Amino acid sequence: MKTTHFSSSSSSDRRIGALLRHLNSGSDSDNLSSLYASPTSGGTGGSVFSHLVQAPEDPILGVTVAYNKDPSPVKLNLGVGAYRTEEGKPLVLNVVRKAEQQLINDRTRIKEYLPIVGLVEFNKLSAKLILGADSPAIRENRITTVECLSGTGSLRVGGEFLAKHYHQKTIYITQPTWGNHPKIFTLAGLTVKTYRYYDPATRGLNFQGLLEDLGAAAPGSIVLLHACAHNPTGVDPTIQQWEQIRKLMRSKGLMPFFDSAYQGFASGSLDTDAKPIRMFVADGGECLVAQSYAKNMGLYGERVGALSIVCKSADVAGRVESQLKLVIRPMYSSPPIHGASIVAVILRDKNLFNEWTLELKAMADRIISMRKQLFEALRTRGTPGDWSHIIKQIGMFTFTGLNPAQVSFMTKEYHIYMTSDGRISMAGLSSKTVPHLADAIHAVVTKAV
């Protein structure tokens, strides 16, 4: 092999020369052997990642993976948390199409990076939507809002902020809760504990257990609260119960962290679904709110969300925002522009906003209709048990009370897919598919699986 000689005019040249002499010190075959023995080379050696095991599918998203592999013409996917039309098709809201067309027609729009905090107009409008335009926190500039990557991203940013800057590192989440919650907060650096919420015996709220567990929590602990349409149970506290929860939490200095993934999607009213949050803000205390526009605007794939932190003063809110930027910058630098722009167009335009509320109400009403139809279908079949929880629960999901063995039976024999805890997405049902689901539930219950 030919040797290349460098002059010693610089330390850089000397280092390069030393490296080449090292490479040339052995035979060509030795060098090639050394090269191919390197674990990161393109040779025939094993991968440095060969020790990895195959990770299981996500328990929720994996339902759709299994569904897609099933060739059955009668298969039914009730696992995914996404709205479907009566024909079982994904829905893009008309108001979203109109907003997008406005954006397309605006030739002045550019695709530059957003600030770290996101689209400022979107942030202001999101705060007004969740807290109310007349909120004292907004009026007094005691709130900071940053655009995040849908609900998951909002929770993660909030979790990391609390892990870095809040004196308590423990967060209490409901038992049960959305499967991603414990992972989000654990990886954010918080210690996750649970508080009682659902009563399997009544298929309703275990309110006494909830109060006891929050009452026993260490002062200052963080408490994750589902603002409405609890996932996965569909069981929400009454306004009177929310008031008791608020008083208890404020008396112990517990920090409320609201997950608002379904505003307007639960009752059909944006204001009704935001009432628990507004109760906490009205007392002058501090709290965090994670918002998502995946469900209520159907912007699942646009990943549009916001994190709002209500503070005691405008000065503190400004400092909080400065620290949120330091959390976001190394995580994803700045959020996407398109989805937030769609939301901003709809929220700022009175006509589009009104049209959105009508479409939102129509989606909520269809889900309520599916609940009634399923309940009536089970009653008509004489299915053993009390199924009234189906019409008492609220929002996208119903916690059926079916166990994993029963779920497995329904998947195998009836090609119905849902999470193993028996949660079904009512938004995935239609008038045509309700009888098939009712037949499957009736069969699995009467067979005592």
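Using the three backbone atoms N, Cα and C, a Cβ is placed for every residue, glycine included.
Swiss-Prot annotations:
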type	residues	note
TRANSIT	1-43	transit peptide
BINDING	GLY81, TRP178, ASN231, ARG423	L-aspartate binding site
MOD_RES	LYS295	N6-(pyridoxal phosphate)lysine
**Complete:** Nearest to LYS295 (N6-(pyridoxal phosphate)lysine) by C-alpha distance, among the binding-site residues GLY81, TRP178, ASN231, is GLY81
**Asked** Does ASN231 (L-aspartate binding site) have same-chain partners at least 6 apart in sequence with Cβ under 8 Å from its own Cβ, and which are they?
**Response** GLY81, THR177, TRP178, ALA261, TYR262, GLY395, MET396, PHE397
**Message:** Within a 10 Å radius of its Cβ, which of these binding-site residues (GLY81, ARG423) has the fewest neighbouring Cβ atoms?
**Reply:** GLY81
**Prompt:** Can you list the residues of the same chain, besides GLY81, TRP178, ASN231, ARG423, whose Cβ falls within 8 Å of the L-aspartate site's Cβ centroid?
**Reply:** ILE60, GLY179, PRO232, MET396, PHE397, THR419, SER425
**Count of other CB atoms lying within 10 Å of the CB belonging to TRP178 (L-aspartate binding site)** = 24
